[in-house]
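Student: What TrEMBL records for this protein is below:
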TRANSMEM  6-26  transmembrane segment
TRANSMEM  270-288  transmembrane segment
DOMAIN    376-427  domain 'PAC'
DOMAIN    590-815  domain 'Histidine kinase'
DOMAIN    851-972  domain 'Response regulatory'
MOD_RES   903  4-aspartylphosphate
């Protein structure tokens, strides 16, 4: 490539030199041509001036000669003067000089210098001179007053002789021969043979001696032709005027003017040459740079191609275009595939590699590729260097090498494993085909090929039970009749309607692809068996008019049994669904009763209290009953909501540290009064606990235990007993997780074995007339079981009807090394516990001072809450939505409000957005201002969401005065 670049540079240099030589010859030719043209032009100008002046002088001579002839004919001498006068009117300046010095016309001033100048000549031109008849004051060099005369000799009739003359002013003559050329720089003048300037140029310039011919004209032969010479870098062109004179018209041009145009053209030519050469140089540089870049790119491409050639994972070989096909070269992967060293088998025939049995096939493929028939594929076996045979698959096509020569290029890869896998797959498919045939023959007792059109039958497979009954059938009609004879009568009509030969043919003609039915057929064992029969239409591409089919029949006794079992299972599932639906119906009925019961109490007692407002005792008792009914109604709602959350998968645990012994003490204190009030003995044992402090969801654990305890109290007769124990299992430990076992036993009404199966199902509750009407949702135990499962524990029941029940709850909890002083402090727990949970006695004290902003959109709830808070000695201001609350806080002084009670679901702006806007106010007090969520959103995630939104605590509705007072007591001082 570098050699080519230098050759290209030499070519460019030779071209540039040749161009320079050509330009030199061209400028030489241009100079010569322009010189010749300039000389021709100057001589042409000189000739034109000469001819013009000569014509004028010749014309004057002719005129004078003609007039002389006229005068020779005049007999009367006295008439000559008149003739001359009249002639001058036609031709001015004509005078007659006689030898006796007579001058006519008499009234014209004679030129006294004429006689001496023209003496002896027959005709001629008198050199320019100052007319003797003028005032004679003109300077000799001043041509303005000079004249010249053309004269001819004449003879009058009386024999006297003289000269007839015509006078010309030099100023008039100058314009005749003077022509402007070379921009006025070239000029012409008339000189005699001595070189004396007779008539100056048109601009009457003085001709310096350096330009004058300096006597050069004197050396010219008489009547010399036109010629030119160069003297002192001045070009002179001369031409004799003739007319009997030694005058010459001389044209003078400075040589610089003549060569200037040639120099300009040559300069332009050289400039053009320079531009061309520079262009060639630039092109040469650009071309060489591009060539060098192309060379580098080609080298890089070659290296890249070589890199790819030797590093692709597939084999590549370059093969000669003609047979016998020679391996020109092969890449590393190819040689490695064949087991040879790199380049060790270049320039060897491909028969060295290819297995003998495959050689003809491969060369045939190569022949097609060599003829340009596109990429051709092949598969063949290769004999490796170690003698092992491998399979390769390749593609070969016609291509070109780096020098443009035709070659074959083939790429190939090892397919030995694929080939073996395909062979193994073929064996496998063949085996599977045999297995399929076996399976089909095993599945179907009869397999036969049918031609319905020609009534032909051929058995493919026939089981023993059918041997006697159908084996002797030679046509489909015979097979059909033999089956019809043995079919159970009640299935015969259906069989004939579907499988009669004409019916089969008609069905397939209408486009059906399959005919089937289930029948009971008496087989060779004499027993009726279920038989599934079908005929499948097989389309005959060769003869569309014939109907071919496959007849299949199999004994389906087991299938029928299975179908019967499935039907029975479906019936059981339907019964279970009906039972569940009935349970839900009972639940709805019970809920209608259980919800209406407390509502009836509330509404009825309210009406009673309205009638007896002054009966203080009755009012107090009535309010207690209203409160108890409300709590019971809340318990029902909480159970329904908890079960709904459990079934939807939204129930989650909120684990924290707590003291399980203290929790059990609270439960005992809550349940013991209810038990004692019902005449039930209550015994507890929570001594056998080693680790009091644990981590778990205290609220949900209390809910589980309390549900069990409440049921124990509810379903135990007066005079009965309830015993509860809580112990820590020291034998079952997993790291820091210990099992806490809660056992509640009673001698109440107990449960039947049947009811125990469903006790943990939703909407189930025990009914006993001896106990009376039992209230509840029937969801308590279902909720308890789901919560226990969520904690990874177990709940079991052992009960006998009329003897009592024992509930055992085992819950694994992580123990703590320190006291659980972080026990949940927010009062939202109360909303999720059953209604029987103990509440602290209300403090009768009131707050010293304080101002609360109550944000509630429901007017009735807002009024009730305002009254309850106001009775605690706290000033209350209200807002109907979040936007009003933000405006009130923003408009108040810092520290004006002590607490904000914020509802969540409100129009205009909800509680979450209101809190964010209050906290975002540019004031210091709002950053720590206590904001308590007071809302009907009572779930644990609602508490978490409120705290995340920036609230300090959560208080759920309905409002309990004691809880509200304890909550406000955290932020407002009490008396």
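Just so it is clear, glycine is given a Cβ too, placed from its N, Cα and C backbone atoms.
On a predicted model such as this, the values are computed, not experimentally measured, just so you know.
Tell me about the setting of these features in this model.
Tutor: Each residue in the domain 'PAC' (376-427) has a pLDDT score, and their mean in this model is 89.
Of all Cβ atoms in the protein chains displayed, 27 besides its own lie within 10 Å of the Cβ of residue 903 (4-aspartylphosphate).
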Student: Can you tell me the three-state DSSP label for residue 903 (4-aspartylphosphate)?
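Tutor: For residue 903 (4-aspartylphosphate) - judged by DSSP and reduced to three states - the answer is coil.
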Student: Could you tell me how many residues in the domain 'PAC' (376-427) are helical, how many are strand and how many are coil under DSSP?
Tutor: 12 helix, 29 strand, 11 coil
Student: Count the residues of the domain 'Response regulatory' (851-972) that DSSP assigns to helix (H, G, I), to strand (E, B) and to coil, and report the three numbers in that order.
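Tutor: The breakdown for the domain 'Response regulatory' (851-972) reads 53 helix, 23 strand, 46 coil.
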Student: With Cβ-Cβ distances below 8 Å as the criterion, list the same-chain residues six or more beyond the ends of the transmembrane segment (270-288) that contact it, or say none.
Tutor: 5, 8-9, 12, 15-16, 19-20, 23, 27
